[in-house]
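Engineer: This structure is in structure tokens; I'll ask about it shortly.
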Amino acid sequence: MTVVSCEIQDETVVVSPLYQDDCDEERGDQECSERVVINISGLRFETQLRTLSRFPTTLLGDPRKRMRFFDPLRNEYFFDRNRPSFDAILYYYQSGGKLRRPVNVTMDIFMEEMTFYEIEEEAIDMFKEDEGMIIEVERAMPDNEFQRQLWLLFEYPESSGPARMIAVVSVSVIVISIVIFCLETLPQFREDTSANLPLSNHHTTNGTTLHKKPNLFTDPFFMVETLCIVWFSFEFLVRFLSCPSKPAFFKNAMNSIDILAIAPYFITLGLELAEQQEAGSEQAMSLAILRVIRLVRVFRIFKLSRHSKGLQILGQTLHASISELGLLIFFLLIGVILFSSAVYFAEADDPESGFSSIPAAFWWAVVSMTTVGYGDMCPVTIGGKIVGSMCAIAGVLTIALPVPVIVSNFNYFYHRERNDEETAVYTHVTCGQQNASFGEFKSTSDSRQSLTKSEDTEEDSCETIRLTHFNPFEHYTGKLTDV
């Protein structure tokens, strides 16, 4: 059963709330129970008008929007769209807002179909969460124009040419800082080693020879480090002063890494100034503290992730796979305790065995389960070798289980990044009807290069083709559909 012909006039005045048509009292029940036929590329679906009117802001729920696709000759709505996807679209109206992607429809095609039918954003966000997708959060920008320009320069390198130049300078300074951090540990450059100190730096107190530490301010590595810190501090302050939200700024992990990259220098500087008035034993203690603090400088390498898409994808993959990684560590912990205990009791009768205790066997169990096998500890008895074989096999199986999930997450983030890059390069022509506003009904066939269905019923319907699916003004996302 199809809708009556008077629906053409009635639908222009039927504007529905969320779950009820605004029908007249006399014929409300009759109109709300009317059935409508929807033709999707030759496959007909039949439903009630009140089912579609549950979501009046969507394409099918708004009578004026769907009127553009009404075929008065066949008394149906025609959409040249993907047919398998419409099962889920119609179920969205029937279930009151539930979206379930068909198994034979890819994610990109189903996302295009939801966009075409103007499904509500809240339902799309819930669908993305159910599919395990990360919802893109709109980037906040400062209200002040000058702050906005500074924020774009230092936070988004792809925004302009000067921003790319600043990113190149920042990456260069990071690389120089990491190289200096590594070179200063070479024996020929380590001035804090007593063998390399000149005689003038040795003095004797109460028969004990003390080594006077060279002046840090004359160290060329310290000078280069100072120049790098000047740039890091300038970059950090500019980004902090121009950020749109100060609390959100400190919650960002990358900004915490920036603080860790800058703080060791100032702590080192403070300890160096304090050491000049301390005794020799206190200097040795300060030197030990200083070495621990300098170790934090290695975290500067993570500053490169701000300018590297690959490191960002890796970080997103690890964050999305945190539950799988936790499960992997838990399984490894169980295996380490189990096999270290087994190998200890298997090797207990051998006096030359290196497994003196169960905690001492933890190291062997870890390197065996991870298939590293250093060989510094190995079983010598038959029982110990059997336990070692089982430990290696169990380690391979334990590590292999969560790997496909982690690889799947990496592929998702990698392909999403590639799609975002393609979106910025290519232009898009959709494969369905033009998604114009419902108020555009004037004759624009010459400018839009389209043919509209003739209202003259004497013409042959086969010669009046409606080509409303061509839109040269949208952007191509690199995605294909099967319609």
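Placement of Cβ uses the backbone N, Cα and C atoms for every residue, glycine included.
Checked Swiss-Prot, it gives:
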COMPBIAS  440-452  compositional bias 'Polar residues'
LIPID     Cys243  S-palmitoyl cysteine
MOD_RES   Tyr426  phosphotyrosine
REGION    440-459  region 'Disordered'
MOTIF     371-376  motif 'Selectivity filter'
TOPO_DOM  1-165  topological domain 'Cytoplasmic'
TOPO_DOM  187-220  topological domain 'Extracellular'
TOPO_DOM  242-252  topological domain 'Cytoplasmic'
TOPO_DOM  274-324  topological domain 'Extracellular'
TOPO_DOM  346-353  topological domain 'Cytoplasmic'
TOPO_DOM  375-385  topological domain 'Extracellular'
TOPO_DOM  407-483  topological domain 'Cytoplasmic'
TRANSMEM  166-186  transmembrane segment
TRANSMEM  221-241  transmembrane segment
TRANSMEM  253-273  transmembrane segment
TRANSMEM  325-345  transmembrane segment
TRANSMEM  354-374  transmembrane segment
TRANSMEM  386-406  transmembrane segment
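Mind mapping these onto the model and telling me what they sit next to?
Structural biologist: If you take the C-beta of Cys243 (S-palmitoyl cysteine) and look for same-chain residues 6 or more apart in sequence within under 8 angstroms, you find Pro142, Trp151, Glu155, Phe249.
Proximity of distant same-chain residues to the motif 'Selectivity filter' (371-376), defined by a Cβ-Cβ separation under 8 Å and at least 6 residues beyond the stretch ends, is recorded for 354, 392, 395-396, 399.
Taken together, the residues of the topological domain 'Cytoplasmic' (1-165) have an average pLDDT of 79.
Within the same chain, residues 379-381, 383-384, 386-387 sit at least 6 positions outside the topological domain 'Cytoplasmic' (346-353) and bring their C-beta atoms closer than 8 Å to a C-beta of that stretch.
Nonlocal intrachain contacts for the transmembrane segment (253-273), taken as residues 6+ away from its ends with a CB within less than 8 angstroms of a stretch CB, comprise 177, 216-217, 225-226, 229, 232-233, 235-236, 239-240, 286, 289-290, 293-294, 296-297, 299-300, 302-303, 305-306.
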Engineer: Grab the same-chain neighbours of the transmembrane segment (325-345) for me: Cβ-Cβ under 8 Å, and only residues 6 or more beyond its ends, written as numbers and ranges.
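Structural biologist: The answer is 318, 355, 357-359, 361-362, 364-366, 368-370, 379, 384, 387-388, 390-391, 394-395, 398-399, 401-402, 406.
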Engineer: Against which stretches of its own chain does the transmembrane segment (386-406) lie, if we need a Cβ under 8 Å and a gap of at least six residues from its ends?
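Structural biologist: Same-chain contacts beyond the flanks: 317, 321, 324-325, 327-328, 331-332, 335, 339, 342-343, 346, 365, 368-371, 373, 378-379.
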Engineer: Residues sitting near the transmembrane segment (166-186): Cβ under 8 Å, six or more positions beyond its termini, same chain?
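Structural biologist: Result: 153-154, 157, 221, 224-225, 228, 231-232, 235, 261, 297-298, 300-301, 303-304, 306-307.
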Engineer: Is the topological domain 'Cytoplasmic' (242-252) packed against any residues at least 6 beyond its ends, judged by a Cβ distance under 8 Å, and which are they?
Structural biologist: 140-143, 147-148, 150-151, 154-155
